[in-house]
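First, the structure itself, so that you have it in front of you.
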Amino acid sequence: MKGALIRLHIAVFLWGFTGVLGRAINLNEGWLVWWRMFITVVSLWVFFYFLNRIRAVAFKDFLKIAAIGTVLSLHWLAFYGSIKYSNVSIALTCLSTTGLMSAVVEPLFFRRRINVYELVLGLFALGGIIIIYATNLHFSVGIYIGLVAALLTVIVSVMNKKLISGYAHDTITLYQLTGGFVGLSILLPFYNMLFPSAQHIPQQFDWLWLIILSWFCTILTFILYINALKQVSAFTVNLTLTLEPVYGIILAFILYKENETLSRYFYFGFALIFIAVILQMLRLLKDKRKLPVSTL
């Protein structure tokens with residue numbers, strides 16, 4: 001369990017870079033996500049081919065995996081859209097609501113009662129969000145889109161939890177991202193009709209940022225994340241994901257000076273989020289039950 005938590009936190013730390021990179025890339029959210037997935041999928045197929053790690057999956061299972069990948073691509077689209085309509089700090093902070101959303105959504109998927117302890121910790125995170133947004137209502141559009149991104153994150157997590165028992169995590173990663181790329185490619189023309197963009201091709205440093213985003217913040221983090229998900233509950237995963245805004249916002253403070261526009265209430269709100277994360281981690285460390293070992 002401790003090893004799974006370490007892998008999970010490494011993945012979340014790397015995910016903290018995605019918001020900063022998203023702001024640096026001069027593409028709208030639709031094309032940004034499309035290029036990210038294109039580079040990622042091509043790299044994965046080449047990498048797996050030379051390692052002889054490509055495994056076939058049943059067509060029915062592929063459709064399920066592809067559906068999850070498509071939801072993931074929509075999460076990324078909403079996340080980067082939130083950045084474009086607000087800023088990195090606002091978009092990342094929206095992801096902190098995943099704890100509360102997971103406490104409600106996961107029981108619906110697995111048909112169990114809502115855990116009061118999980119719900120209370122989720123409310124801690126929600127309280128932090130409310131405090132932070134109290135003085136940032138001018139970013140309302142970005143806030144709404146960011147909350148949609150958070151909900152899609154929870155849906156991806158619980159769908160993966162129901163699916164991954166039959167296949168190795170690297171196989172799931174390959175087909176999930178491939179299916180997500182295909183799904184996004186089908187939806188992107190309709191999205192561009194609603195939100196047209198003149199620039200479709202990355203320029204200059206955009207290529208470098210996209211490669212970093214694809215190789216380190218997508219491929220590596222996905223392997224770490226799915227591996228940890230086999231041993232840790234979806235709620236714990238989503239609560240730990242509240243650290244992603246922390247890492248990302250610190251980077252945004254350093255690179256974009258976003259701290260100059262935030263009040264002291266912003267930090268108080270994040271204190272509540274940290275309390276929720278720490279309480280959940282302490283609860284896990286006291287849990288002596290053995291959990292299943294993940295399949296590589």
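Cβ from N, Cα, C; glycine included.
Remember, TrEMBL labels are computer predictions, not curated facts.
Take a look at what TrEMBL says about it:
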DOMAIN    9-133  domain 'EamA'
TRANSMEM  32-51  transmembrane segment
TRANSMEM  63-83  transmembrane segment
TRANSMEM  89-109  transmembrane segment
TRANSMEM  116-135  transmembrane segment
TRANSMEM  141-160  transmembrane segment
DOMAIN    142-279  domain 'EamA'
TRANSMEM  172-195  transmembrane segment
TRANSMEM  207-228  transmembrane segment
TRANSMEM  235-256  transmembrane segment
TRANSMEM  262-282  transmembrane segment
Limited to the domain 'EamA' (142-279), I'd like the whole-number average of pLDDT.
85
So, by DSSP, how many helix, strand and coil residues make up the domain 'EamA' (142-279)?
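Summed over the domain 'EamA' (142-279), the classes give 113 helix, 0 strand, 25 coil.
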